[in-house]
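These come from TrEMBL:
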type	residues	note
BINDING	SER9, HIS65, GLY141, PHE142, GLY143, GLY144, ASP174, GLY175, GLY176, GLY196, SER197	substrate binding site
BINDING	HIS32, ASP34, HIS65, ASP174	divalent metal cation binding site
ACT_SITE	ASP34	active site, proton acceptor
ACT_SITE	ASP174	active site, proton donor
Amino acid sequence: MSPVLISPSILSADFANLERELGAIATADWAHVDVMDNHFVPNLTLGLPIVESLVRVSPIPIDCHLMIEDPDRWAPGYAEAGARSVTFHIEAVADAVATARAIRAAGARAAFAVKPETPFAPYEDLLPEVDMVLVMTVEPGFGGQSFMADQMPKVSQVRDAVRRFGGEVWVQVDGGVSASTIEQCADAGADVFVAGSAVYGAESASAAIEQLRALATAHTHR
Ligand SMILES: O=C(CO)[C@@H](O)[C@H](O)COP(=O)(O)O
Ligand SMILES: [Fe+2]
């Protein structure tokens, strides 16, 4: 297995042709699906019925990023629908341990995400309960925003905490990740990279995926 995972975000894809758009990223590791409810974030995308359909036609596993209120209630359903990984926001969840356990019990990898202004340190004790931590490198809600380099110390902090913990917890970055920003993410300790506009905005999605993979692999510490 490659030491890094590339997870293109279909938020930048053509929503009228999602099966074809998933086919275009078949050489990636995961397909990142941004679920937004217009409450936790000021944008509305798609929900469970569409994720169920995407799981059926996707050539690669689905990586669900839930930007929704009350993930305690909804997140396990995305795991039951067949998503490989389900990420809820720590700012939205009431019981992170119970939600992560319910996601894992339904057969998916569990993860929590932190917004740019949310510190990681108060949640370090959750590491045994999850398979990944997502450090947002933009304010959640929209694709195509500028990368926030000031989040790199937080990525390093998560990586250091994972080393101390000693288990295998992946560190994901999401927002503004491109050929010009991915190396600093890998240097800081990220190993799962979400990229929307950098992949779907490229002339060739597969060439963009390979370029991102090569750059990240050259800078990873995993
Ligand atoms: O979760 C989000 C936005 O909230 C992301 O997954 C974006 O979809 C990434 O898009 P780019 O910043 O890579 O264009
Ligand atoms: Fe996302």
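Even glycines carry a Cβ here, placed using N, Cα and C.
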Under a three-state reduction of DSSP output, how is HIS32 (divalent metal cation binding site) classified: helix, strand, or coil?
strand
May I ask which of the binding-site residues GLY141, GLY176, SER197 is closest to ASP34 (divalent metal cation binding site) if we compare their C-alpha atoms?
GLY141
Integer Cα-Cα distance in angstrom, HIS65 (divalent metal cation binding site) to ASP174 (substrate binding site):
10
Going by DSSP, give the three-state secondary structure for SER197 (substrate binding site).
helix
Under a criterion of Cβ-Cβ distance under 8 Å and sequence separation of at least 6, what residues of the same chain contact SER9 (substrate binding site)?
HIS32, VAL33, ASP34, HIS65, GLY143, ASP174, VAL194, ALA195, GLY196, VAL199, TYR200
Lowest local Cβ density (other Cβ within 10 Å) among binding-site residues: GLY141, GLY143, GLY176:
GLY141
Are there any residues in the same chain, six or more apart in sequence, whose C-beta is under 8 angstroms from the C-beta of SER197 (substrate binding site), and if so which?
SER12, GLY143, GLY144, SER178
Out of ASP34, HIS65, GLY143, ASP174, SER197, which binding-site residues lie by ligand 2, with a C-beta less than 6 Å from some atom of it?
ASP34, HIS65, ASP174
